[in-house]
Each structure stands twice: as C-alpha cells, then as structure tokens.
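Novice: Questions regarding the structure given below will be posed in turn.
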Ligand SMILES: O=P(O)(O)OC[C@H]1O[C@H](OP(=O)(O)OP(=O)(O)O)[C@H](O)[C@@H]1O
Ligand SMILES: O=c1cc[nH]c(=O)[nH]1
Ligand SMILES: [Mg+2]
C-alpha cells in the first residue's frame, strides 16, 4: 500500500509549490536562490494551510461608504510556528508572511550523522536549545522542517512539544520533501498529527538522505557544505 493510500500524509497541491520545489531540487540552484525559494515555498504552504484547514466567519464591516458583510479567517491570532533549526529558518520566514502574528517556538534538533542510522533506520538526535511559547487548546501549531527523512528529528521535536501542556486544536507537521519511512514513523508515533508535505519521494539512501530529494537543505541554505 502506498503512503497516499494509507492516508498518513496529505500533499500541498498548489502548482506554484511544485514549481518552487522543482527549483529547489535543481543542483544548479545556488545558495541565495535556494534560500529565497524556501521562503516562497513557506508562504505558499501557509496559504494552503489557511485555505484547507482553517475556517472563515462572516462579520459586519464598515467601509468608508457603507456597512457590508466581510469574511475573516478564524484563529489567525492563535497560531504557533515551530522552527526546527536550522534548515527551517527560511521556510518559517515564508510561513510568517501568511501568519504574521504567529507566536514562535524554536528548537535546535539535529541528526548525529557521524553515528549513522541504526538497524531500525533512526538517527540519534541531539536537542541543544528549545524555547516554546505556551500552547493552548485554541492554537494551531505548525511544526516546520523542510526535510522529513527518517522522521527521527520530527519525532524528537514532537515529543518535546507534546510532553506537557494541553493539546492544541491542530498540530500540523509541514515539510517540503518527505520520505516514506519518515512519514510512517511520525504517523505511527503521533496519529493525531496532520502531516502536510509538498512531495513524498521514493526512498532514503544508505546515509539517510532523501532520493531524489534536494540534498542537504541546511547546508545549501547556509552554505556550509
Ligand atoms: O528525518 P530525519 O532523518 O531526522 O532528517 C531530517 C532532518 O535533517 C535535517 O536537519 P540536520 O540534522 O541536517 O540539521 P541542519 O538543519 O542543521 O542541517 C533536516 O532539516 C531535518 O531536521
Ligand atoms: O535528504 C535529506 C535528509 C535529511 N536532511 C536533509 O537536509 N536532506
Ligand atoms: Mg543538515
């Protein structure tokens, strides 16, 4: 059964998201364009979240000429965006264009690539810094990380977020590129999470990189390779 048939994740369907992702995948896309592309993709994904997952309500508006009924998005003041350092930083910059009043959390979680994957296909994850706003039952929490590979990082991040405090109204994991093992790991460990991604790629290579993927997102955005 495919991941789509299992219903573990849903796809961002906007054509511009696919266009941006194709540019990001291109090995010729250099640092500045790569970073800007992640910003644009984050904004499109933010709009997609608003469009597909948030409700609107009618409200009376006084224009300079008359009163009329307007439509407003509900819950825009109750959004928390979690930035998984470091590759998510430009992606979150784009999301903030869709959710300018979001409260933000930051968590530094990274894979110990020198240790390699264990036989269960997981990496050891080190969490060195975490600062979260208080999360309430009314909140939409969006955990952003452009890459979901083995899912080790995201499971560690979600453990931190869900370990105390009330459950938010919605908990969305947003990624640009996902690999099947990561989607399955997150969906099984956190069945209530709404997993949204622009693409689900074919597989992981022996080093835990997504294929075809886009390479190391952090290194490409921060020019550290
Ligand atoms: O699903 P996983 O197998 O855990 O892999 C995904 C993680 O790998 C990358 O981060 P990385 O550890 O390279 O840190 P970086 O953002 O600092 O480069 C990426 O940004 C994810 O956080
Ligand atoms: O393919 C991958 C896997 C993890 N992290 C990345 O940046 N790229
Ligand atoms: Mg990296």
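Every residue gets a Cβ built from N, Cα and C, even glycine.
No curator has checked TrEMBL annotations; they are predicted automatically.
According to TrEMBL:
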{"type": "BINDING", "residues": "36, 37, 38, 39, 40", "note": "GTP binding site"}
{"type": "BINDING", "residues": "86, 111, 145, 146, 147, 148, 149, 150, 151, 152, 153, 216", "note": "5-phospho-alpha-D-ribose 1-diphosphate binding site"}
{"type": "BINDING", "residues": "210, 215, 216, 217", "note": "uracil binding site"}
{"type": "DOMAIN", "residues": "12-224", "note": "domain 'Phosphoribosyltransferase'"}
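In the displayed structure, how are the listed features positioned relative to their neighbours?
Specialist: Long-range Cβ contacts of residue 38 (GTP binding site) within its own chain (separation 6+, distance under 8 Å): 24, 87, 90, 91, 93, 94, 146, 176, 217, 221. In this structure, residue 38 (GTP binding site) is part of a helix by DSSP.
Within 10 Å of the C-beta of residue 153 (5-phospho-alpha-D-ribose 1-diphosphate binding site) we count 25 further C-beta atoms, all protein chains included.
Here residue 215 (uracil binding site) comes close to 27, 209: these same-chain residues lie at least six apart in sequence, with C-beta atoms under 8 angstroms from its C-beta. In this structure, residue 215 (uracil binding site) belongs to neither helix nor strand by DSSP; it is coil.
Here the domain 'Phosphoribosyltransferase' (12-224) returns a mean pLDDT of 96 for the predicted model.
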Novice: Mind checking which of 39, 147, 149, 210, 217 has the fewest other CB atoms within 10 A of its CB? They're the binding-site residues.
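Specialist: Sparsest of the binding-site residues 39, 147, 149, 210, 217 by Cβ contacts within 10 Å: 39.
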Novice: Which are the residues of the chain, 36, 37, 38, 39, 40 excluded, whose CB is within 8 A of where the CB atoms of the GTP site average out, their centroid?
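Specialist: Not counting the recorded site residues, we get 20, 24, 33, 34, 35, 41, 42, 90, 94.
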Novice: Count the other Cβ atoms sitting within 10 Å of the Cβ of residue 216 (uracil binding site), across every protein chain shown.
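Specialist: Looking across every protein chain shown, the total is 15.
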Novice: Excluding near sequence neighbours, so keeping only residues 6 or more apart in the same chain, what lies with its CB under 8 A of residue 36 (GTP binding site)?
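Specialist: The answer is 90.
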Novice: Rounded to a whole number, what is the top Cα to Cα distance in Å among the residues the record ties to 5-phospho-alpha-D-ribose 1-diphosphate, namely 86, 111, 145, 146, 147, 148, 149, 150, 151, 152, 153, 216?
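Specialist: Between the most distant Cα atoms of the 5-phospho-alpha-D-ribose 1-diphosphate site, 17 Å.
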